[in-house]
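Residues annotated as ATP binding site in Swiss-Prot, with sequence analysis given as evidence: 158-213. Summarising the annotation, Swiss-Prot assigns Mg(2+) 1 binding site to Asp283, Glu296 and lists sequence analysis as the type of evidence. Among the features that Swiss-Prot reports, Mg(2+) 2 binding site is placed at Glu296, Asn298. Residues or ranges marked as compositional bias 'Polar residues' by Swiss-Prot: 1-17. Among the features that Swiss-Prot reports, compositional bias 'Low complexity' is placed at 18-28. According to Swiss-Prot, the domain 'ATP-grasp' annotation covers 132-329. Taken from Swiss-Prot, the feature region 'Disordered' applies to 1-28.
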Amino acid sequence: MPMTMTQSATNPTATPVSANKASANAATTQDPSIFGKVAVVFGGNSNERAVSLDSGNAVLQALQSQGIDATHFDPKDQDVTELKNYDRVFNVLHGRGGEDGQLQGLLDWLGLPQTGSGVLASAIGMDKVRTKQLWHGCGLSTAPFAVLGADTDWQQIVNTLGLPLIVKPVHEGSSIGMSKVNTLDELPKAYEVAAGCGDVVMAEKWITGREFTIVIIDDEAYPVIRLQPADISNFYDYEAKYNRNDTQYHIPCGLSAEEEAHLQALSLAAFKAVDAKGWGRIDAMQDEEGNFWLLEINTVPGMTSHSLVPMAAKARGMNFEQLCWHILAQTL
């Protein structure tokens, strides 16, 4: 997993981590008993189960290594009402059921503190169409799109969005079911692939340029990461995210200080527009004219060895164990 990172990766224009929050990173100097019994929820039944298992096991080990009474809880095998026997929840349940407001609503009903966003932001964030409609209504730049159906006029979609374009399931994460479409003839097949993952499918204008991700923790934008897939004509797909080792991650990201600050501010505005809380990630593109375009939000980001949140935290001087403690501490 090639990665460009220097010890001075912190952008001086970015919002700094405050002294008291930085001190929270000294996880091992604190009393782990303050958290009580912690359920680390991961696995589940969604198409992102494999990623959730990887993320959740990493988080579980990081918490347990610091003396926290943390236990794996898998909704696929356990009755979710049993969560009432815990004091708080670290949610690493990617995809439907864990990232779309369902788990958040249950935990609210049980009165359990939980990491991350609540019902509203989770439900909106898991719906790419609703997210983009909201951002557009707030005056935030997001790539043009159209909702597809079996009876869609494919030629009209191409006339409107141009080629290439990208087709996505509206309610999936981890780039599952996504396809780049280069010709009109490829569009129906891409629709079928995406429709096989869910009930709603969208096409989005292809933005030629550089891809970035912006990690947000405690309403602070961390150093921007530039993503460079080995195949620069393609996109940051599932294979590049989790299985390949030739994707490059650049910190510093190569933007000027002014551009990075602008992208961080845009991402914070997008994060707050959907009422997201705690931690998350915004994906964006910069086109060849230098304009930034919001793609989507992730309210339960990956925490695997390939994941972007740990990379951004590392650029802030925070190791993985400290990061997990810090996120869990948001529930206190």
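Cβ atoms here come from the backbone N, Cα and C positions, even for glycine.
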Cβ neighbour count (within 10 Å, all chains shown) around Val193 (ATP binding site): 16
Residue among binding-site residues Asp283, Glu296, Asn298 with Cα closest to the Cα of Val158 (ATP binding site): Glu296
For the domain 'ATP-grasp' (132-329), mean pLDDT (0 to 100): 92
Tertiary neighbours of Leu165 (ATP binding site) (same chain, Cβ under 8 Å, six or more apart): Ile157, Val158, Lys180, Val181, Leu187, Ala203, Glu204, Lys205, Trp206
Cβ contacts of Glu296 (Mg(2+) 1 binding site) (under 8 Å, same chain, 6 or more positions away): Gly125, Lys128, Thr131, Lys132, Ile282, Asp283
Where Glu186 (ATP binding site) sits in the secondary structure, as DSSP reduces it to three classes: helix
Nearest-integer angstrom distance between the alpha carbons (Cα) of Ile207 (ATP binding site) and Asn298 (Mg(2+) 2 binding site): 19
Same chain, 6+ residues apart, C-beta under 8 Å of the C-beta of Val200 (ATP binding site), given in sequence order: Val129, Val147, Pro169, Val170, His171
Helix, strand or coil at Ser179 (ATP binding site) [DSSP, three-state]: strand
Largest tally of Cβ atoms lying within 10 Å of a Cβ, found at which of the binding-site residues Glu172, Glu186: Glu172
Sparsest-packed among the binding-site residues, when each Cβ's other Cβ atoms within 10 Å are tallied, from Val158, Ile207: Val158
Between Val193 (ATP binding site) and Asn298 (Mg(2+) 2 binding site), the C-alpha gap once rounded to whole angstrom: 22
DSSP three-state assignment for Glu172 (ATP binding site): coil
